[in-house]
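Per TrEMBL, the features are:
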ACT_SITE  A:H56  active site
ACT_SITE  A:H102  active site, proton acceptor
BINDING   A:Y59, A:K98, A:D502, A:G539  ATP binding site
BINDING   A:E100, A:N540  Mg(2+) 1 binding site
BINDING   A:S101, A:H102, A:N103, A:H104, A:R123, A:Q247, A:E321, A:S322, A:Q323, A:S542  substrate binding site
BINDING   A:D124, A:D277  Mg(2+) 2 binding site
DOMAIN    A:16-60  domain 'Phosphoribosylformylglycinamidine synthase linker'
DOMAIN    A:209-363  domain 'PurM-like C-terminal'
DOMAIN    A:580-712  domain 'PurM-like C-terminal'
Amino acid sequence: MTTSRLKELTPQQILDSKLYLQWGLTEEEYQLIVTELDRLPNFTETGIFSGMWSEHVSYKKSKAVLRKFWSQNERVLQGPGEGAGILDIGDHQAVVFKAESHNHPSFVEPYEGAATGVGGILRDIFSMGAQPIAVLDSLRFGELNNAHTKHLVDGVVAGIAGYGNAIGIPTVGGEMAFDDVYAGNPLVNVMAVGLMDQATMQVGQAKGVGNAIIYVGAKTGRDGMNGASFASAEFSSQEKADRAAVQVGDPFLEKLVMDTTLMAIRDHADIIVGIQDMGAAGLLSSSAEMADKAGMGIELNLDLVPQRETGMIPYELMLSESQERMLLVVKAGQESKILDLFRENNLDAQMIGTVTDNGRYVLNFQDKVVADLPLRFLTHPLEPKLAEQKPKRLENFIKSQYQPDVSDLTATIKQLIGQTTIASKASLFRHFDSMVRADTVIKPGGDASLVRIRGTKKALAMTTDVNGRYLYLDPKKGGQMAVAEAARNIVATGALPIGITDCLNFGSPDNPEVYYELNQAVAGINSMAKLLNTPVISGNVSLYNETDGQPIYPTPMIGMVGLLADVEQALTIGFKKASDLIYLVGATKDSFTGTEIQKMQTGKITGQLFDFNAEDELAAQKLVLQANQAGYLASAHDLAEGGLAVALLEASFTGHLGFKIQTQLPAKYLFSETPSRFIVTVPASCQSAFEALAGKQAQYLGTVVDSDDLQLETSEEIVHLSRAELQKIYQESITWQLKD
Amino acid sequence: MYTAKIYVTYKPSIVDPQGEVIQAALQRMNYQGISSVTQGKYFEVNLAAPNVAAAKNEVANFTDALLINQNTETYRFELVSTDDEVQA
Amino acid sequence: MKAAVITFPGSNCDLDLFHALADLDFEPTVVSAQTTDLSNYDAIFLPGGFSYGDYLRSGAIARFAPVMAAVSQAAADGKIVVGICNGFQILTEAGLLPGQLFGNEQPGFICDEVDLLIDNSNTTYTNAYADSRIKIPIAHGEGNYYVDSATLAEMEANHQIVFRYADNPNGSVANIAGVMNLAGNVFGMMPHPERAVDAITGNTDGHPFFKSILQTLGMAVGRK
């Protein structure tokens, strides 16, 4: 029998050695614990506080900001605070979604980090009683110019594929971008979407004295122990070498857990009181949060926890982040129905404790009480007041817009279309099974993805989006624009945006400038969310994304879901047929600072961000939705990085058709990134009806042509481009850059 | 008690794409002397058997039945008696 | 026509196949891999997925699932046995079809829509196709079909190659995408026709595949 490598220090030794500091508790927090308990916490208890009071679990540093999110409207069935948020989509159905970051684990071990990111977010969805139907990934890496970044990209993509494909939930979309600021802090954000009947809705609560706490799924091992909280002094060098800090995922086991959990909810809803995934801080946070949300207490017998390794001590059992585990609360006396069901499916299932009414968090191990703590205190750490300060760079930016050099339009387009931000990511996305479940209407490569709801006419649109460059230049406006663009993605499929989840990826909140960025970004997101009637119903925070004091761009990833009432009305980005008329919805302005062309031509992003007008945004989206419902549109594509030039090319490549465009603007405006714009195509038969509806909001650009020739006429010149040549650059650029 | 250490590899005539990719990567990393890489599988199976001959027979049987696909894979194994360790 | 869709632990295309069959007027039932009697069914379908995690080799563990004796019996009785993707891998591991599926030549999972050429249009699986070139989705990491050259020559001579890739995505020998046994009642393919039966998801080229099977059994087809 192996024994734990951790030596359990006595309470006095913990005090003397200040072990709690190494575990992330502050001196102030430790003293508060001593005062509240009126004694020194023991080893297990100190570990429990370090886990529960970590930012990852408690959000103590971001809570004040998160409380500001607007999260209620007529559709919201469940807002923030549970595994995932839930929105009413009619017909007694609901959509459940959430996003989560797995940034640090993916940097340490890209395959398993990304794989377990997928596994964790799926558990959040099915623990609510919903069948996961789709996954999207929002990824940020450094530039593809060094071997380490390529290794990360390969590993993350393989990890998402390895887990998502095996469990059989399609990866329908997401986006990927590359910038040096992410080289030491790649972002791996995964969003999952689920579908449920409202009758089967579950929450993670431990109600009812005497009800059983049941552990199901994989056994607990030492994997995924919070590596950062281990003090090196406690290990010999050999032991250090083989300790496992990164969790390893098993999608096969998760599929069994998922299917069996959903079966349990379907067949035994009357006896299941609550369900929660064991995520960050594992058994500890799941059990404590469930009891706290119900205002109850909990008592666990750790000897009963299914264990994969021998000699594990309570600290390890409680803080292990072994994957594919769930905690259920089941009505007293009915335990065997649930235990039998899971065991029949070859899963571990064990009653490990009960709900109490004394408000205490009590752990027993080998006939001893190893922790006895006030639960409310445990789940409510001090919220430190953080300073904020406007970053100096924002004060110093040049006010005038960057002016790109477009003396050779053809060369500029060729160069732009191969930039990593712009070029097709299809060679990476093709590793993901986007079609399993056979419901995917719009696959990766569209503005948003679309998944039909079988048995109805409805479909759900979904997207992830954020441009960190814009937030770097203006965190508030950038936050607004992230929501606006996500909504444009949704609208471009014909769907109505209905709700938001997010991953707030920022640097250290202890840096007043970063904390300012966080506050401003949330304010921007919130204001736009209200205007669009898209409440923020779930989300996740990832802080401390910085290397050597250099934070990433503020990158609040917006995950948005939309509802399309009739899937037959779905719109896609590609041109549909020759002679369709091409219109630009929204005005093009002098918007070049923070753009792809600034980055391409100067190598950096700097200056005062261009304007964003929320009213223009709403008007543009409204027009596209109305025109589509009236049946006037053949295609729609939102304008984003690279502006009109890139949007036209993507519509052309996807539709395998050419175009003939004439604009009164000078060539450089083809690369302006003025927000609130779409290109749409209209069959000639709908021309007058569309123009009457659109008025001055839409500007005629030209026609779709059945040819390889792309003709672009600006106020300065006429150029002819070869679609085949540009498409080759667009499609192969990422592959070339990933090689050697 | 015995421990069988079983090494499974493709038959020489079968293309091993993963081995080839690894070989190419190693050569790119300037490991000059590498002439070939074979990727295989390794199993450790603890089993009880009355004697070495019976243990060998058992290992061969279950390896043929499950651990390899006889169309394309081959294997070799070592057998170690673990009784000494158990008593120690 | 009564069809069984066998679901192994880790199968993930079982419901897709069930829906495709139900929409095309089969009477499908999803049947557990613990089942030992398939005598009530006219056709047996083994779906895609990652049975038993595809640990060891794709299909290697599933091949010993309790249901496989009944699958072998159905094959011996001349019933139609179809394996798609992981189902194909299971049938080769079980020896019900020749060959084996290896990791793709370019390692990694591929999800795409690819063109298939119908090599033998006079089979239970292809007789309803009007065109000889169709587009069907693929989604696999181990779809690289291998068979030794002597067996391949026999298979070619006996017209057992049913589908070939127009543009080989995975390194399969002779561009093979789908094969049948000598008797023609056991068939496996890596591509997913059950993902191509609905116009709203963009492709209906899988429709004639299922129609062919129905037609062979002398049943009328029509959408509900």
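Keep in mind that glycine also has a Cβ here, set from the backbone N, Cα and C atoms.
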Positions whose Cβ lies under 8 angstroms from the domain 'Phosphoribosylformylglycinamidine synthase linker' (A:16-60), at least six residues beyond its ends: 8-10, 66, 226, 228-229, 231, 280-281, 284-285, 288, 313-315, 318-319, 361, 363, 365, 370-371, 373-374, 377-379, 381-384, 509, 541, 543-544
Model confidence over the domain 'PurM-like C-terminal' (A:209-363) (mean pLDDT, whole number): 86
Which of A:H56, A:K98, A:R123, all recorded positions, has a Cβ with the fewest other Cβ atoms inside 10 Å: A:H56
A:S101 (substrate binding site) CB neighbourhood, other CB atoms within 10 A: 25
Conformational class of A:D124 (Mg(2+) 2 binding site) under the three-state DSSP mapping: helix
A:R123 (substrate binding site) versus recorded positions A:H56, A:E100, A:G539 - nearest by Cα: A:E100
Cβ-centroid neighbourhood (8 Å) of the ATP site, A:Y59, A:K98, A:D502, A:G539 excluded: A:L66, A:P80, A:A99, A:E100, A:T501, A:C503, A:L504, A:V536, A:S538, A:N540, A:V541
Local Cβ density at A:Y59 (ATP binding site) - other Cβ atoms counted within 10 Å: 19
Residue with minimal Cβ packing [other Cβ atoms within 10 Å] among the binding-site residues A:N103, A:Q323, A:N540: A:N103
Nearest of the binding-site residues (A:Y59, A:D277, A:G539, A:N540) to A:S101 (substrate binding site) - Cα to Cα: A:N540
Nearest recorded site to A:N540 (Mg(2+) 1 binding site) by CA-CA distance, among recorded positions A:H56, A:D124, A:E321, A:Q323: A:H56
Same chain, 6+ residues apart, C-beta under 8 Å of the C-beta of A:G539 (ATP binding site), given in sequence order: A:L66, A:F69, A:P80, A:K98, A:A99, A:I500, A:T501, A:D502, A:C503, A:L504
Chain-internal residues, separated by at least six, CB under 8 A from A:D124 (Mg(2+) 2 binding site): A:G83, A:A84, A:K98, A:E100, A:A192, A:D277, A:G279
Winner by Cβ contact number (other Cβ atoms within 10 Å) across the binding-site residues A:E100, A:D277, A:E321, A:D502: A:D502
The domain 'Phosphoribosylformylglycinamidine synthase linker' (A:16-60) - residue tally per DSSP class, helix then strand then coil: 31 helix, 0 strand, 14 coil
